[in-house]
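So that you can see what the record holds, here are the features copied from TrEMBL:
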SIGNAL    1-23  signal peptide
DISULFID  C38-C463  disulfide bond
DOMAIN    45-463  domain 'Integrin beta subunit VWA'
DISULFID  C59-C74  disulfide bond
DISULFID  C256-C297  disulfide bond
DISULFID  C397-C409  disulfide bond
DISULFID  C429-C697  disulfide bond
DISULFID  C461-C465  disulfide bond
DISULFID  C481-C536  disulfide bond
REGION    489-522  region 'Disordered'
DISULFID  C542-C547  disulfide bond
DISULFID  C583-C588  disulfide bond
DISULFID  C622-C627  disulfide bond
DISULFID  C649-C658  disulfide bond
DOMAIN    649-729  domain 'Integrin beta subunit tail'
DISULFID  C655-C727  disulfide bond
TRANSMEM  733-759  transmembrane segment
REGION    768-809  region 'Disordered'
Amino acid sequence: MTSWLHKCGYPTLHCVLFCVVLAANIIGGSSDSGESVCWSPPVSSCSECLRRGPQCAWCFEAGFLDGAEVGERCDLVGNLARRGCGLEFIEHPQVMVEVNATTSNTQVSPGEITLNLRPGAEASVIVAVQQLERYPVDLYYLVDVSASMQENLDQLKTVGVALSHRMREHSSDLRLGFGSFVDKPVSPYINVHPSKLNNPCSDYEVKCRPAHGFHHVLSMTANMSEFTRIIKRQRISGNMDTPEGGLDAMLQATVCQGEVGWRGEAKRLLLLMTDQPSHLALDSRLAGIVTPHDGFCHLENNVYMESSTMDHPSLGLLAEKLLENHIYSLFAVEQLQYQWYEELVRLLPGSNLLFQAPKLIDVVVDAYKRLLSVVQVSVSVEDRAFSRFLVSVSPLCPEGSVSHDNRSCSNVQPNQTVYFNITIGLHSCPDDEDDEDDVVQVFVRPVGYNESSIIKVHSRCRCHCGPDWHCHDDTTHQSTCGEVTPDTDRNNQHLNNRDMHTHTPDLDPEHTPTRPHTHGPEWSRQCRAEGSGVDCNARGVCVCGRCVCERNSLGTVYGQYCQMDDYSCPYQHGLLCGGRGMCVSGDCVCEEGWTGESCRCPVSTATCLSDNGLLCSGRGRCVCGRCVCDNHQYSGAFCERCPTCHSSCQSHWRCIDCHLSHGLSQRETGECNHTCIPLVGYVNDVTVLLGQVWRQCVYKKDNCYYRFHTALVSGNTLLHFNTQPECVSSRRYVGTFLSVCVLTFLPGLVMLAVLVLVLHRRSLPQGGATDQQYNPTGKDLSHVPKTNEKTVSYRRDRPPGPDRPMEMHITVPKMPLGEPWQ
């Protein structure tokens, strides 16, 4: 959408109207959810049907689905039409958009839009906001005059003239105003001792003014000398607690338009200067003040008179009043309180936070330029209907600017236009269903602008059902024949009123009831089809001579004698009518593009087109999306195959041999006509002929392979012969064998030789010395003795002689290291 917005340029009225209508039609008609939501669970009235969703419609035709339940009249528009309901009898309200072209704004357009919405529907409109180059400016100083603000008051005495000169670069007309505040003049916020009421600074021998909630001192003026004179006359005051009543004073300075002198065409800036945090709503309970603020102006003689009787305003109320009166709020605070006010300004649209710097003029000018570069809108709905609407905003920022939080655009330059796409959805209807003229206003307010756009939303929650408003639903009811009660179908009223005077001749007049019964022989005959002995085909009950058909889990039974239903149709893949149609009177009514008994056949023949663009390759018919070949010899998805149509490869070998014997010469092709078909061609590469039509064959002669292809085209056999044979000689086999042997064994021999060489080198002594002795332990051999003797003694248990046992000594010498074994 951004591309054509650039083409439109700056917002002309025609361009904006086009934006509004286009966006509303697209969004409003795009709802698409499951069709079962319309009839499950069953509905009993047209109004209830409309509330099911924007896709649901109601058929108010008198004879529609005669005998079926009332809820069957609620369905999708397409389904109702396929089931026999005329389009002129379908109640399906559409989203309507109307732009009031008579309201003209300079900065915000369009000024007024009217929407007609039904439950579940939504529409989107475009509101354009243009930034002008220079604005008149109203700047109101709201100053905390507690004792700690003495230095700030002294600084203000030189601001007026200097600020006027600086703002000439950015504004065509600057006006200044002034007001002061301290806190609520009640305990415990101030000292209520009589000596402290008139002079809170008496302990310091300083003359102070009494504490006050808000005092409007100077209305908007272009006389900078007057502003300076008023500032010089101001005196400080005092209070007991740390927080001040800044928000209380801000609300009065905002809503007291006439007293302050706010101009309608000017950019309005409210500058709050303080060095302490502010009281919030409910803080006044410490002083016994429980009355909420009403949001109105209460100035008398420029003094806020309800300061001691009304609570501090809530942030929501203050934000609402700032928006209504198109006021930017600036907070100039000390560094110690910066974090507290940083959280506060996030809740107040169009607010900015500043440091109290020595160069206050530079701070104010920079803040003004920053505020003008940000374009933000606030969308609000009337409180009584807030819960029934869904609203979303999306900005379309101009080139060079940046979107923030989907609500604003920053870095907007003068004469640039910002577009806001505002989507409004109706979630539910009002509780009072008889309130047909319910109109809810949605306010689109660009922050800080003195213009706004109003969107009036009409809720379409009731049905009209043609000129006579007869919807044939359950808004009235007949409990017995001829007795009308509020819960019966109005569609039966005329018929039953006509039949209530019918008397049964077989009955005794003395026993004739004063009011006809709903059952009896006469009524029973009216509920039976010709030749049938069962009421309503055993699929309903007879009430006052009319069949009320049953409803089961399979679907709906309807008809004068309950002889029709919407489920006795062919199934495919477990779905009624293949999921592509509706069952009407036992027959499938298919959706567009489908046909067949079960709606399984596509109407289009695109699935039967072969690669050559012919329908079934010119050999068949397209039946239900598939090719049916005229000749049973052909097969395949497109009748492209014919295995028996082609001659075998062997049948062409004589022809190939004939051509080879004549040297494959084009001049001598006629010599082979007695053995060949006349249509023979020579090609250099038969791979270009690969496909479903051609059949590949091979002919071998003299160790050469000749490839050729055959095909049957239009009843004639074609033969394409490859002139490049693939020949293989015996020498080639021997060379291949030798190459494989060499490449296999030679690398193995090389690897084996390398392995033996490595092992041999590792077995040699280190350093190449052949006489060096091997020392596996790594010990110093000089300490190892060359020889060693060990004696082992053995004693026999039975001595050989009577004197002493026999002893045997064995000496085992230790072999010198390096001596060979003997």
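Sequential numbering from 1, following the chain as shown.
Every residue, even glycine, has its Cβ placed from backbone N, Cα and C.
TrEMBL annotations: computationally assigned, not manually curated.
Non-local neighbours of the transmembrane segment (733-759) in the same chain are absent; no residue 6+ outside the stretch has a CB under 8 Å from one of its CB atoms. Separation of the C-alpha atoms of C74 (disulfide bond) and C397 (disulfide bond): 43 Å, rounded to the nearest whole number. Closest to C256 (disulfide bond) by Cα-Cα distance, out of the disulfide-bonded residues C38, C429, C547, is C429.
Most other Cβ atoms within 10 A: among the disulfide-bonded residues C256, C465, that distinction falls to C256. Here the Cα atom of C658 (disulfide bond) is found 44 Å from that of C622 (disulfide bond). Cα separation, C536 (disulfide bond) to C429 (disulfide bond), rounded: 39 Å. Of the listed disulfide-bonded residues C38, C297, C547, C588, C627, the Cβ environment within 10 Å is emptiest of other Cβ atoms at C297. Counting in whole angstrom, C622 (disulfide bond) lies 33 from C649 (disulfide bond) by their C-alpha atoms. Taking C297, C409, C461, C465, C547 as the disulfide-bonded residues under consideration, the smallest Cα distance to C727 (disulfide bond) is found for C409. Nearest to C397 (disulfide bond) in space, judged by Cα atoms and limited to the disulfide-bonded residues C59, C542, C627, C655, is C59. Listed disulfide-bonded residues near C649 (disulfide bond): C697 (candidates C465, C588, C697; Cα-Cα distance within 10 Å). Each of the disulfide-bonded residues C59, C542, C583, C697 was assessed for Cβ neighbours inside 10 Å, and the highest tally belongs to C59. C627 (disulfide bond) is 51 Å away from C463 (disulfide bond) when you measure Cα to Cα. Taking the Cα of C655 (disulfide bond) as the reference point, the closest of the disulfide-bonded residues C59, C409, C697 is C697.
Using Cα positions, the member of the disulfide-bonded residues C38, C409, C583, C588, C627 nearest to C465 (disulfide bond) is identified as C38. Other Cβ atoms within 10 Å of the Cβ of C649 (disulfide bond), summed over all protein chains shown, number 15.
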